[in-house]
């Protein structure tokens, strides 16, 4: 692999005579698939996302576990107070970064971090740093009505509830009814009093209920951003899987948009996120939503880091505003691979028919102004033909028709 990377970095100078660049790339992808244990299809798909050297960094990062992180439940405590209590219990930790005021990264712990008295009392949630991001982008405001379309196990739902300060209402939905058990347990443990748990197929919204100020759709995805947690993704994903997932994601994002009230005075926001790094689950879905719903536009996510979304990828061209979306990678940001897009929903504009109506009225006026003229000769011909038919019906002899006077017309 190192030799292929070395050559591809400066192909014109380092390539062997007679070997094409595509041969080196194919060899490198095959080596990656073998060394890291991917099927050929997925290795190729992920490799295409990066320059050659960076691709190796991405695959290598997927072999390393991400840091353990927790989110402070501000309904019950403050981050400073929580950190001090856990330090006293033998936990080595520090704030995740400036972009969040509730996250803590755990380096070492002499006690099970998921079984401390503070955890059981709901003072914090064990939660990946990447899953803070969509809620940061959503930015819910007190007293709002919010829908979390795919909410289990509840990390994002309880984060939303905390930002709402237990006001308004959060509809926490998950299509898998069995998963709502863990969701409900976390809602109770963290003291979220403004959450209603339900279990519907996300595509049933807004028929079930709509008119929300904000909607979060953390869509079902391939999990290509969390391979370090689930290595089975390396071999169990096929092209058909991505086609089916992309189709479902497109259905869900339209339902999410339609579930938002464009009349909301504080929101009218939809956030779309996945724990995938593939373009067909991210930029392609967002671009589809922009084309199908002209009343929405992409806005800044409010997240101060991350890479811009692709506006061009392997021959596909997306709406320029897709650059406002954000990508996160394990080898760059030391968190799970993730994608976040934020939409603003506006009122649907009625089609401007004034020009069409004016043209129709002008056409009618032209017809009305045109004087009606009759051709007396044509009328006389019709009258004579009618008389001939009546005489034939009575059995009377009918004189032959007069031939037109050709000389008169010359």
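Every residue gets a Cβ built from N, Cα and C, even glycine.
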Completion exercise
For the S-adenosyl-L-methionine site that TrEMBL gives as 150, 151, 152, 153, 154, 155, 156, 174, 201, the extra residue out of 218, 230 is 218
Completion exercise
Neighbouring CB atoms within 10 angstroms of the CB of residue 201 (S-adenosyl-L-methionine binding site), all protein chains considered, total 13
Practice task
Tell me the Cβ contacts of residue 154 (S-adenosyl-L-methionine binding site) under 8 Å, same chain only and six or more apart in sequence, or just say none.
Solution key: 125, 172, 182, 183, 184, 185, 186, 187, 190
Problem - Of 150, 152, 156, 275 (the recorded positions), the residue whose Cβ has the fewest other Cβ atoms within 10 Å - result: 150
Problem - Structural state of residue 152 (S-adenosyl-L-methionine binding site), classified by DSSP into three states - result: coil
Practice task
Report the mean pLDDT of the predicted model across the domain 'SAM-dependent MTase RsmB/NOP-type' (58-346), rounded to a whole number.
Solution key: 97
Handout entry: Cα distance (Å, whole number) from residue 201 (S-adenosyl-L-methionine binding site) to residue 275 (active site, nucleophile)
Key = 20
Fill in the blank from the handout: For S-adenosyl-L-methionine, with binding residues 150, 151, 152, 153, 154, 155, 156, 174, 201, 218 per the record, max Cα distance (Å, no decimals) returned as 20
